[in-house]
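Asker: Submitted below is the structure of interest, expressed as structure tokens.
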Amino acid sequence: MIRKQDIVQQAVQKDILNGETSAIGIMDFDALENTIIELNKAFPEHFVHTFAAKANALTAVMKKLNQTGIGAEVSSPGELLIAKRAGFENHSIIFDSPAKTMADLTTCIKNDIALNIDNLQELERVDVLLKSYPHTQSSIGFRINPQIGSGAISSTSTATSTSKFGYALADSGNRQQLLEIYAERPWLTSLHTHSGSQGCELELMAKGIAEIVNLAEMINDRVGFQQIRQIDIGGGLPVNFASEEVTPSFQQYADALKEAVPALFSGKYQVKTEFGRAIVAKNGFILTRVEYTKSMGGRHIATTHAGAQIMTRTVFLPDSWPLRVTGFDAQGNMRTETNSEVVDTDVAGPCCFSGDLICKNKALPKLEANDYVLVHDTGGYYFSNHFDYNSLPRVPVYAVSGNSHGMSIDLIRKADSLEDVLSRM
Ligand SMILES: *Cc1c(COP(=O)(O)O)cnc(C)c1O
């Protein structure tokens, strides 16, 4: 929290936070770098890490991640564009969309971008393309759904028996069919799964990955040589939104994997990862100004500028995606139980429906107009998200590095105001 307090105070001093601020995103670039150091420390060298771009598809963030030496996982033309602008080389990019067009597939195979085939219809297309590009350096695998069951949040669980992703391993006859598919295609050298998600236990994730490694061994046995050289274990490591603690850590995940799937650590396979949320969530936050406060039916209500437009999941599924908030006064001093009366509070957003709340009925040190609300752990899938790519960004985003003796806070994405829009007319 000391780091976050420093950042808020510096942002006030630098007039980034002032009486006109609506909401801003902050990415702590130093903390991001430390996370990648932790990631590299937890896993041996034959693990190659990529960042799932959708978790924070901002060019400056991706550039920072590219400088740490990791790769990128992308699923759309927009994400690919951002990854390329950020400097990622084709050979360190994986393309994973479940809805790849023929043009998408052609581009990947022509340009040596790795891809994971989602289904049998896509396999037919890749078969055709491989005839035209037999010398492609793309690493190509199948995305396998190990069907290990759901975590606590069904909408993000990828490994349920009826998930939309990948080829079902446990459905009748499929394992045998996969063995044949691989045996007939020596260019299929990789296997992919994404078995975790927010709400999943490490043991459940490890179980899914063990299934894939087992399949790799079966394929290699069947063909009589090591055709599968690469295993992509995806991302999906859950993040702790309840406190400052990083748990599970990459080390805890590595330990759980070592226990359940020792073959991953033997060096026999190159292992790829595609972490998203676990890399960025705790290294970013939202700051939004309280425009008004009032009391309604005994509840203190603080109306801010951050709601469903930035925190879509939390607003619509508050029980699955709760977020912590901390208040600061207009000078950037943290509100605590010692300096402010604690009252039951709803922190509301600006959208015109009553469910547009960051949090509901929380005992919080009393917020006042012109205070700032810090929404923790929102460095992934929040201010960087635009499900509608035609909408204009409303949230400027800043990158922070250094400490309170010398901290830089630089704008990395501009937001459009109404004035900007009118001035273009
Ligand atoms: C979203 C996604 C990831 C990252 O998931 P997180 O839960 O953010 O770690 C990795 N791989 C693929 C294919 C994805 O779609």
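Using N, Cα and C of the backbone, Cβ positions are placed for all residues, glycine too.
TrEMBL does not curate its annotations; it predicts them automatically.
Dumping what TrEMBL says about this protein:
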DOMAIN    32-281  domain 'Orn/DAP/Arg decarboxylase 2 N-terminal'
MOD_RES   Lys54  N6-(pyridoxal phosphate)lysine
DOMAIN    282-379  domain 'Orn/DAP/Arg decarboxylase 2 C-terminal'
ACT_SITE  Cys352  active site, proton donor
Asker: As a quick check of your reading of DSSP, tell me how many residues in the domain 'Orn/DAP/Arg decarboxylase 2 C-terminal' (282-379) are helical, how many are strand and how many are coil.
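Answerer: Summed over the domain 'Orn/DAP/Arg decarboxylase 2 C-terminal' (282-379), the classes give 7 helix, 41 strand, 50 coil.
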Asker: Compute the average pLDDT of the predicted model within the domain 'Orn/DAP/Arg decarboxylase 2 C-terminal' (282-379).
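Answerer: Value for the domain 'Orn/DAP/Arg decarboxylase 2 C-terminal' (282-379), mean pLDDT as a whole number: 97.
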Asker: List the same-chain residues at least 6 positions away in sequence whose Cβ sits under 8 Å from the Cβ of Lys54 (N6-(pyridoxal phosphate)lysine), in sequence order, or say none.
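Answerer: Long-range Cβ contacts: Val74, Ser75, Ser76, Glu79, Gly276, Tyr381.
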Asker: What is the total of other Cβ atoms whose distance to the Cβ of the residue listed as 'active site, proton donor' is within 10 Å?
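Answerer: Taking every protein chain into account, the count is 8.
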